Structures are given as structure tokens and as C-alpha cells.
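So the structure is just underneath, and the comments pick up after that.
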Amino acid sequence: METKRRYKMYKVKKHWVTIAVASGLITLGTTTLGSSVSAETEQQTSDKVVTQKSEDDKAASESSQTDAPKTKQAQTEQTQAQSQANVADTSTSITKETPSQNITTQANSDDKTVTNTKSEEAQTSEERTKQAEEAQATASSQALTQAKAELTKQRQTAAQENKNPVDLAAIPNVKQIDGKYYYIGSDGQPKKNFALTVNNKVLYFDKNTGALTDTSQYQFKQGLTKLNNDYTPHNQIVNFENTSLETIDNYVTADSWYRPKDILKNGKTWTASSESDLRPLLMSWWPDKQTQIAYLNYMNQQGLGTGENYTADSSQESLNLAAQTVQVKIETKISQTQQTQWLRDIINSFVKTQPNWNSQTESDTSAGEKDHLQGGALLYSNSDKTAYANSDYRLLNRTPTSQTGKPKYFEDNSSGGYDFLLANDIDNSNPVVQAEQLNWLHYLMNYGSIVANDPEANFDGVRVDAVDNVNADLLQIASDYLKAHYGVDKSEKNAINHLSILEAWSDNDPQYNKDTKGAQLPIDNKLRLSLLYALTRPLEKDASNKNEIRSGLEPVITNSLNNRSAEGKNSERMANYIFIRAHDSEVQTVIAKIIKAQINPKTDGLTFTLDELKQAFKIYNEDMRQAKKKYTQSNIPTAYALMLSNKDSITRLYYGDMYSDDGQYMATKSPYYDAIDTLLKARIKYAAGGQDMKITYVEGDKSHMDWDYTGVLTSVRYGTGANEATDQGSEATKTQGMAVITSNNPSLKLNQNDKVIVNMGTAHKNQEYRPLLLTTKDGLTSYTSDAAAKSLYRKTNDKGELVFDASDIQGYLNPQVSGYLAVWVPVGASDNQDVRVAASNKANATGQVYESSSALDSQLIYEGFSNFQDFVTKDSDYTNKKIAQNVQLFKSWGVTSFEMAPQYVSSEDGSFLDSIIQNGYAFEDRYDLAMSKNNKYGSQQDMINAVKALHKSGIQVIADWVPDQIYNLPGKEVVTATRVNDYGEYRKDSEIKNTLYAANTKSNGKDYQAKYGGAFLSELAAKYPSIFNRTQISNGKKIDPSEKITAWKAKYFNGTNILGRGVGYVLKDNASDKYFELKGNQTYLPKQMTNKEASTGFVNDGNGMTFYSTSGYQAKNSFVQDAKGNWYYFDNNGHMVYGLQHLNGEVQYFLSNGVQLRESFLENADGSKNYFGHLGNRYSNGYYSFDNDSKWRYFDASGVMAVGLKTINGNTQYFDQDGYQVKGAWITGSDGKKRYFDDGSGNMAVNRFANDKNGDWYYLNSDGIALVGVQTINGKTYYFGQDGKQIKGKIITDNGKLKYFLANSGELARNIFATDSQNNWYYFGSDGVAVTGSQTIAGKKLYFASDGKQVKGSFVTYNGKVHYYHADSGELQVNRFEADKDGNWYYLDSNGEALTGSQRINGQRVFFTREGKQVKGDVAYDERGLLRYYDKNSGNMVYNKVVTLANGRRIGIDRWGIARYY
């Protein structure tokens, strides 16, 4: 058995005395659990006080386990959490004697002279060694003298301070494994980087292994190493001229090269440098030890190193010597190759490997829950360090919702958008920038005139890109320009001739556009979403994401800018445009999902290789051709049938719905092409007049339906001259109008009595109609002429109604339709019938540029491109060539406005989808429309030809105006930046905060921006002064044409996306927290670079621990990281701090060895927990994300982590034992009640339904508790079991009454049939209770037993009469014979009652007993008392015959059928 002993260490001044005592306790102070100590008795220890030799002292000073002394500074900064006793009790297992002195004394110089520690490779000089030994001996002598005198006092002090020792065995979660102690978490694994407070002592469990670690020992070697050597005078910078050091705005960067005073020619001879002799700064200097180690190991890989692997434990002097070896090899190779490009490549590659110089220190979220499309954004801020980039503006998120900075519209309760979308984010609140945006818009609209001297090549209208990501002032500026330049507010014709649209997703945008009398049309995004969810989403049973499931059809009528219900259709209308898919909507999101799910799970799906894209489209295109789709959208033709037939909206047709999104332009038709082509051409001929939409809820045959939704939507257009169904119209009305009939239920089955009545209007009574589209099991069939559908003609009745039943309408599932679609049109229209209406020459009285009208309805926009068209393989495949060749096709579809792809030459930086596929949205020079080279769509001339061809066919052309961002500018500027999310909010724990950062913000002054930037402002100011005189809303300023932007600079931007340069690419000395810059007499560089004396390392100056950087500067008011990755803070006196600290407005914690807790929990004595984040700041007053933003915790004002049920900001939430907020989950509380916490907010669900992972539904009341029993909610009745689960599709007994709750909604079933598990049928009446007895339902007479079961194939006696109900239908049988199971026959009369007595049926005289049984082969007395006999087979009365009865008696029957016994 191992012997347990306790080791006490007594502190005498600055020296420690170790004593062994048998013990089972530990108080953590300043010794390690594995300390090298002797297991002698206390008495022996006290008698053996010796002084270590100076050589041992030196070794101790260089040990990584150097004792951390208690300094005056540390004591004043202590808190309860880190107070230390001077006596340390250690519990450990001793298995062998360890050679050691019983008392170890360490000398520290009282003056501020420090000793430079030398590596074994370079021994200190004899003189320095002697001095050090003398100093150590003196200190040791003093300690020895004091030790005996103070030992007794120290023991007494230790006993007092050790009243609360730590018993590791008593801590429930602390377990000893292989001689080490670990804290075992709830998951059964050791917790790592975890601190625990026990009896006022802090136990720390290692961040790598989780083992309990002694925090009394420093993690670094003490001592200074001189940085100056024989190379230093030669490697110093030759002078401070700009040509001698590569900088950005005078700041030095990680890949900077400089001109040294001398070069080591051929690796042998120091030779004065020339102006061309530049060398990488990283050849002779490194910002810290860890970077130098990485450099040396990297150079080993390049064949330029020593071959030795260097680690954090390598001495500084050994690293310096190795760097000299590398320099020799570099210079040798330069002499051999006579060039340095190879070295630049190596250095550039090395820089990218270092965390401080790459995205590892940029809080990149690309792989998790992204807070920006490119993984992160940087906001520029004003600073004296970068005054040239300062701005008075950068007013963020001034969207239409919040143009003044405060929300004005609340249809959409969000902020309505955010500023940081992509790349260099333009500051559109800056008046100079606003003027430049106007200049560019004018250039774009007049491109043909300006560049080609050809007005026919000008654009007519504009699509404003990303409205919710730019300053809303731009919308007003653009509207002002369109009004001034084209007079779009002067007449409807002008407006339509220059049709412009907004990519505006927020529901607040249309109202803003109306209030500001905008010259562009908004999206009806409400209707778009309604169509998406009602038609294209999967059924709930097929959906992997239960938030993305198919809804009913009702929102298609009412959830729109223009309500089309009977009650809402005459309300105020708003002009708009509508689409179901677009180049960047419902396409790239699907492709991203496929890539992430099936090809490359490490990508976000928005950055990919072209090969990955090709693989994704193979899956995408195959899925589109499946009936049951996994990724792509269902019912695309149905969406077009509704959009194209709608009144009060312009449809935008999307290229990708007609052709495959990938492949060469127009090469491959989509599976929807024929149906949409038919609808487009039919719209020209038929879509006119008033409109009515409604939903008919058929009863349906639910026993054969997977989904019990029975709504069938009908949309009718009456034709010109008929605005209502009752209008007579004119002769022209007869051949106009159309009906769309649709269901979104692929399992829909009408019952035999269901009817769908479509009122085509009085103008169309007794008129023949034909199908335009019909759904079959294989897809949609198009009928493009009357003759093609002649056999299917159907006539309206005298009310003008078309009537459809189960033989016409049912659900289908095929690649084109998931549900049902039919379109009907009147017979007799001429081939050239065109119901479209010309625009008026009058202005709208309201002052609105666009108002809903027949002329506006007559327009059709074609978004004629896809993001994902392949790059051409031959010139003839260019998009713009194909457009010019196919204008007649577009015209036949009714296209009036062709929206072209953005024609800008694309950036090829590959940083985001747009620049990978080069779709034109990622540009570096926005004035370059295929001018410097071909864009993806063709040459400049191809574009001009396409525009002119469209114009020649009467089709206007819409250009894409993208005022939000500019990609990949060639010039860099150093800016002051902070890592933010897309709203410009600081990302907690990001290292980049008011940090100097090199961004790509400058254009080169030689591009088209230089030629055309600001070039037209003077002309525009003279022509349209009103634009320049308007005060803009967001900034209160007029646009400023005085400054022409011929070159972009940081001052014109809000910021950029993270660029992968890291927090430290712009170099600074972390110790002094000052950036290196070349600035004349204010130049600040590493000391050794100017041949000044410099040393580096940690050293105690007698008052505390200090640090000197690898640039030779002392750390003050700064954080420092050692080579092992530990962080420390040095105060304004340059001393290391300990314990709980308040620094820069944040609370932080430092262990007793100075190591800062980072990404670490500290569990307090009361069990509460604090967390110190990535920067060591204690989390408080908010929610914080963990695990790549996938989980959340909450910390209160004191930094305590929430656990259990908590009320935060008025919301009840639940946090598990690890502090993670529970979302989308059920929790059973200590009261046994179930509660659900929302999957989005995490708030406890109240007054709403929620479902569990098994698909069971519950209803949570106002207390968040699941209801049980029968409940009436929002006027509907439901039933919940005692476990809270909603009963669906089941029959239950409630207070003795049978009730049925629908399988889909769970509502109490009324007026409906339902079956139980035994296939017994029930009918539930208007009160929801199962009926009993005789019932007439839907005109059918049925019978239900007392238990509610429908009687089928049985006889029932009630009201004294026998009745029989059909075995299949259950209907009461009338006027027919039926037999019972014993073979007895009955005849049911016209009332369904069994006849009795003598009866004449079908010419036969028969007889039935009082029970209704027919008499056969026997006698009976009739109502006159006469005996009669009835044939045993037919039952007919017998005449003139002698018969022997079954009982053996004989009877004779006369000619009148009267029988007598013999």
C-alpha cells in the first residue's frame, strides 16, 4: 500500500521551505502535486536546512515549473477566489525517494539588474557566471539565517491559514486516475480548462488533458535573453526612407520587406546593400517566440533550416542561432538564383499559416451559424492612426424600415435589413458617395449614348439590387432621377416605358415606396411566400424540416398586397410585381443545401468548386424530374397559372423555370416549359376583366387520403367589360376570361356527391369552354387550340357555371403537379385575340408613379438569366447572342420588359458564389460593362446588339443597378476595423476590435472608374437641380457633387468582409501595444532593427514579474501570450497581475501563476459558474453562443450562468445542467408538468400548439403547461390525453359520448364519417357526438347502433318495424327482398320497412309474418282469416293443389288459394 504524506512549504521572505507530514488533505498554494520533495519527518526537515548550490539555483530559475512568488502587487489585487495561504499542504502518493534538498531557497536580486539567460549552446561568460553565483550565494545565506528564526512563526501562520484544507476525495466529481486528479463532467469525460473554487482555493484542470494542475508554478522560463548578436548591426534597417521598408500607409505588415544595412553575400561576406537588396522582415525579426519557432520549422520544410524541430521549450538563444543559420542558407540561394521571387513566395505562404495573420483570428463563422455571408464583416471606425479613412457618416442599416435610424414601419417587425451584405460595403449615407451613385445610374441608363454613341443601346429601366442592404436615400435619388430624366411621373405610358423594379424583400418596403411615391415597383413578397408554402413545399409527412411544410391554399387569396377574397377584392390596390423563383431565390439556396448535404459538408454551400457545382446540379436536375422531390420545388406550373391569371400584379417570368439553370443558355428546356409556354400565350388572349378567387371545401373521401385538406381553389377572370360575375359584358367578353382550378393535395379524392362549381359569370352562361391545361397521372397536358380539345368541351349552365365532380378532379403526384391543376378558357377566341391594354398618356391623380391598372397588368417581365449558366465553350453560345436571336420567342410569350443579367466584368477572387460563377454581381469596376474584356454573357458588342434587338421588337430592357458593394479592389489601405456581424454589431470575443487592418479599398486610378466617376455630375446638376437640392432623409444632407470619386478609398466604405489577414497582419509590438510604422522621426520599429540593445523574456524586478517582447520593449498595460499559448496581463507599472481584475471595462481572472482564464469556466464555492471567453472577458448580462453558434447560454449581471427555469426579460426559458438553453424541446419539471421551449427563441411556449420529435402535438396554456382532456381553443374543440398528447384520427369517449378528432388538424369532427381500428363506421353530427339510431345524412338513410357503430348488412327493428341496411354503403334498403343469416326473407317497402301480412309484389301474392319473415313452404292465415299456402321456393301463393306439410298433415288448396286440412 502506498504511503500518503503531506508536504508543508513555509515561506520565509521570498524563499520556500518544504516539510513532509503524513496527511490526506491538500491546500493548493505554490507547490505542485508532483513536486520533487523528500519524504522525511517534520523533525528531520527542520533540522536539515541547507543551501542549494548556485548551479541548482540557476537550473531552478530556468525551469518551466518555477515558483510563482507572492508579490506586493499580487496581494493588493487578490480576491477571495485567489487568496493563497503561505502554507501548502500536498497530498500525493510516494512510491520512491526523490533526490532533493529538504529546504530549497531561491535568490532574487533586490535591485533591478537582471541576468540574461543563455542556452546550453552558448554558455554564459565566466564573469557573468561568477557574478550570478555570488548573488545567489548572498541571497541563500540571508535566507538560511532567517529560516531558523522564522520557522516557528511560519508554522503558526500556516496552521491559521490552513483552517480550510481541500480534501480531493470529498469533491464528488473529482476522480483520481493513474495518479492524477480529474474533474468528471456530466458526460462522463474529464472537464478541460476548468477552474473550481473549494474552501477559498482555486483548483485548475489543464486545458489539454483535464488533469489537476499546480497553478503555483510559472509556465515559462524566467530570465532575459539578449537579442543583439553579431548579425544585428548588419540586419538593421539602412535608413528610414520610404524605399527602405515596404509599408501600407507607413504601417509595417507581416509580409513587409526592408533594406538591411548589409547583406550576407553568398552566405559568407557582409556587403553593403543596394536599393534593390530587400529582404523579408521575417528573416531577422519575429513578433513573438511562437512565430519564430513556426518560421524555423517552416524553413526546415523548405530545405533552408537546421533540420531540428523547435518547440515552446526551446531556449530563445537556440532560436536566435538557428535563425542565423537560416539566413545564411537564404543568402546563399539568393546568390545562386540571382533573384528573390522564390523567397517572396515562401514568406507569403508562411504568413498565411500563422493564426495572427489568417482567418483563425477573425472569428470566421463560415463553417457554423454564419453572421455574414462571407463568414464575417469588418466595420471601419474613425481613429487618429488612420485619419485618412475617417468618415462623418457610416450610418448603418438605414433601410426603408428605419431610414432615420428609428423604425417607421411595422408590417415587418424586424429591422428591415442590414448593411453588410458582401465584399467592400459602400457607405451610401455619405453625400459624396450618394452623388457618385447618381452619376453611375445615369451612366448605366445612358450607356449606349455615352459609350457607343447609339441611343438605341440605352437601357430603359432599372432593377435596384439588395434594397434592404443599402441606405434608403438611394431609392429616393433613383426615383428623382427617373422622374426628372424620363418624366415617369408625367404619364402611365412614360412609367411603363421605363418600368423599374426593386429587389425589396421586407414587408415594410412596399408601404415606404408608396409613401415616397417611388418610381419602382415593389415585390408582393407576401404573395410570393404564400405561393411557396401553399404549393412548392413538401407535405408534412415528407418534410425533413417541419418549419418548411405545405400550408393550405387560403393565404394565396388573402396574404398579399392585394387581397383577392370576395370581401377584400375591392379594397385599395397597390401596384407590384410577383415571381416564384429568381436567380438568387429558391435556386442558390437549394444548390447550397445539396452541396452541404451530399458533396462537401465542410462548406457553407455558397463557396464551392466548379466541380462541386456540377455534381450538385446533377442531383438538382434529377430531383426536378421526380414526382416526390427532395430538394426542388413542387407545383411550379400551378404557381404560374395563378400569377399569370391574377389581376393587379405584374408577373416576372424566371429563366430557370423555362430552361435548366445550368448548361448553355437556352440549351435544355425545363420539365415545366410546355405548361408555362401555354400559360404565357393564353394570358395574352384570355386574362382580362374582373377576378374572383375562392376555395371550395369538398367533403372528400378521407378514408383514401393521406392528408385531410380538402380545399380546392378556383380563380376566375371574367373578360373585358365584366368586373363581377353578374355583369353582362359585351360581345368581346364572350371569348375572354379564364378559370384556374387547383388543389395542393396529391391524395385528394372527391366523394360521389362532391361538386366544385366555378362561376364563369352571367356573360358566359350556356357557353362552351375547353381545357387549356389538364392534369393526368403522367403530368400536364396542354391544349393550345379549340380543335385540340374538341372532345373535352364543356358547357356552362344557365347561370354561367361550370360544374366539376369526382370524375374531373382528383389529386395527382407527378413531376409537374403535386395536387391538381386545370385551366379552362372559352371556345371561339381568334388566334390573334389580344386582351392587353395600352398605357394612358395621363398622370395618376394620386401622384403615384405606378397604380394598378389593366395597362400595368398587361406587362410581363422576363428575368432572362440564371446565376448558374455554364461558361461558354464557343463564342456562339454567349447569352447576349442568344437573346438577340430569340426576341420573337420572347415577344410570343408576351414579354414587355427584359431584365438582363448584370453586365459588369466579374471579379475572379472566388471569395463568394458570385465571383466563383462570375454572374456579374461581383465586380471590381462597375463602369466596366464588357469593355476591358468579355463578361460571362459576351462582348460589349454582343450586349449592345441584344439591347437593340429587344428594342426593335418593342421590348424594353432593364439593367441591374448594384449599389451595395465592390469586390477585390487592387489597392490596400490600413484601416481601423472591428469584427462585426451583418448589422454592424461587434461580435463578442472577436480579437479584431479597433484594430489596424489592411483592407482592399483602393482602385488604381487607371480603370473606368477613373474615367467616368463623377463625370456627369455637373451636367446633371445643371439639368436637374431638384435632385441636388433635396435634403436626404438618413443624413440630413444634400448629395455632394463637389468631390468626384475617380478612385475608391476606405473613407467611402462602411467596411469589408474578413479577408483572411488576421488580427496581427499590421504588425505591432504587443508588449507596448504600439504599431510599427515608418514615419520619419516618429518611426517605431523593433529595437534590434535599429541596432539598439534589446532583450526578451520574463523576469522578476523585485516588485513583480515583468516581460520584455522580442522587439525589446517592456509590457505595460498590455496582454502578452507566451510560447505555450498562455495569456498574461501587465499593469501600468509593467507587473504581472493575478486574481480577479477589472480591465478595460471587463472582468477577467488570472490564476496564481498569472495565466489568464480563457474559454474557461470558473465554478464558485456555491456551485454557480462564471465563464471567461475567448479574450478572457467574463460573460455577463446576455446570451452567448457556444459550439460554433449552435448552442446558447445566458449569464446574469454578476456573470452567473443560468441553469434551470429562468425568467429573462419577461420570458420564461430553460437551461440544462450545463447551462445550454433548451430550444425546440420538451421539459418535464419537478411538478411533473410538461413544458415546451420554442425552437427559435427558446421561450416557453404559451397559448399555442407545439409538437415533439415523435410528431405528437400538445397545447400549452398561459402557464406553459400542456392541457389535457377536451379543450376549446380559438373556437375549435380538441382533445388531449392525460399525457398531454393531442388525439388525432381517433375515436374517444368523453363523458359517455363518442367523439372523433380529425387525423390532420385534430379538431373535433363534425358532420363527418370516421372508422375505428376494426373498420366500424361512425358518423359525428354537428355537435361532434357520434349519432345513434336512424339518420338521414347527405340524403341517405342510415342507421347507427347504440354504441355509434353504423349498421351494415344487418336487420334492425325500431319503431316496431324491421329495416335492413346495405352491407357496403349502409343505406336503408327499399323496395327489395333481403334475407337474414338464417335464410329468412323480408321485403322492404318504399320506406325501408319490412312488410307483414298478405302482399302482392312483382305480380306475386306473398305473405310475411308479423316479424316480417316471408312464409315459404307453409301455411298462414291472412287478414281475412283464410288459410293460405305459399310455395316453398318462390313464396308465391299456391292454387289448385294438394300439399303435404312439413308436419305430415295434408291440405287441399282450391282455385281461390284457400287451403283446408284433410
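From the backbone N, Cα and C atoms, a Cβ is placed for every residue, glycine too.
On a predicted model such as this, the values are computed, not experimentally measured, just so you know.
Annotation source Swiss-Prot lists region 'Disordered' at 35-164.
Swiss-Prot lists 37-52 (among others) with the feature compositional bias 'Polar residues'.
Positions annotated as compositional bias 'Low complexity' by Swiss-Prot: 71-85 (among others).
Positions annotated as compositional bias 'Polar residues' by Swiss-Prot: 86-108 (among others).
The compositional bias 'Basic and acidic residues' annotation in Swiss-Prot covers 109-133.
Taken from Swiss-Prot, the feature compositional bias 'Low complexity' covers 134-149 (among others).
The feature compositional bias 'Polar residues' is assigned by Swiss-Prot to 154-163 (among others).
Taken from Swiss-Prot, the feature repeat 'Cell wall-binding 1' applies to 171-190. Taking H, G and I as helix, E and B as strand and the rest as coil, DSSP gives the repeat 'Cell wall-binding 1' (171-190) the counts 0 helix, 10 strand, 10 coil.
For 192-211, the entry in Swiss-Prot reads repeat 'Cell wall-binding 2'. For the repeat 'Cell wall-binding 2' (192-211), the DSSP-based tally of helix, strand and coil residues reads 0 helix, 11 strand, 9 coil.
When pLDDT is averaged over the repeat 'Cell wall-binding 3' (1095-1115), the result is 97. What Swiss-Prot lists as repeat 'Cell wall-binding 3' is 1095-1115.
The repeat 'Cell wall-binding 4' annotation in Swiss-Prot covers 1116-1136. Distant neighbours of the repeat 'Cell wall-binding 4' (1116-1136): 71, 73-74, 219-220, 288-290, 293, 312, 1070-1073, 1098, 1101, 1103-1107, 1109, 1143, 1148, 1150, 1154-1156, 1158, 1176; these residues of the same chain sit at least 6 beyond its ends, with a Cβ under 8 Å from one of its Cβ atoms.
The repeat 'Cell wall-binding 5' annotation in Swiss-Prot covers 1137-1156. The DSSP breakdown of the repeat 'Cell wall-binding 5' (1137-1156), given as helix, strand and coil counts, is 0 helix, 11 strand, 9 coil.
Swiss-Prot lists 1180-1201 with the feature repeat 'Cell wall-binding 6'. Residues 365, 367-369, 371, 988, 1147, 1161, 1168-1171, 1173, 1208, 1213, 1215, 1219-1221, 1223, 1242 of the same chain sit 6 or more residues outside the repeat 'Cell wall-binding 6' (1180-1201) yet have a Cβ under 8 Å from a Cβ within it.
For 1223-1244, the entry in Swiss-Prot reads repeat 'Cell wall-binding 8'.
Feature annotation from Swiss-Prot assigns repeat 'Cell wall-binding 9' to 1246-1266. Remark: secondary structure over the repeat 'Cell wall-binding 9' (1246-1266) totals 0 helix, 9 strand, 12 coil, with classes taken from DSSP.
When Cβ-Cβ distances below 8 Å are used as the criterion, the repeat 'Cell wall-binding 11' (1310-1330) is approached by residues 699, 702-703, 1277, 1291, 1297-1300, 1302, 1337, 1342, 1344, 1348-1350, 1352, 1370 of the same chain, each at least six residues removed from its ends. Residues or ranges marked as repeat 'Cell wall-binding 11' by Swiss-Prot: 1310-1330.
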The repeat 'Cell wall-binding 13' (1352-1372), counted residue by residue under DSSP: helix, strand, coil: 0 helix, 11 strand, 10 coil
Long-range Cβ neighbours of the repeat 'Cell wall-binding 9' (1246-1266) (under 8 Å; 6 or more residues past either end): 546, 1212, 1226, 1233-1236, 1238, 1273, 1278, 1280, 1284-1286, 1288, 1306
Positions whose Cβ lies under 8 angstroms from the repeat 'Cell wall-binding 14' (1374-1394), at least six residues beyond its ends: 1341, 1355, 1361-1364, 1401, 1406, 1408, 1411-1414, 1416, 1435
Residues from the same chain, set at least six apart from the ends of the repeat 'Cell wall-binding 13' (1352-1372), whose C-beta lies under 8 A from its own: 1321, 1333-1334, 1340-1343, 1345, 1378, 1380, 1386, 1388, 1392-1394, 1411-1412
Sequence-remote partners of the repeat 'Cell wall-binding 8' (1223-1244) [C-beta within less than 8 Å, at least six residues beyond its ends]: 547, 1192, 1205, 1211-1214, 1250, 1252, 1258, 1260, 1264-1266, 1283-1284
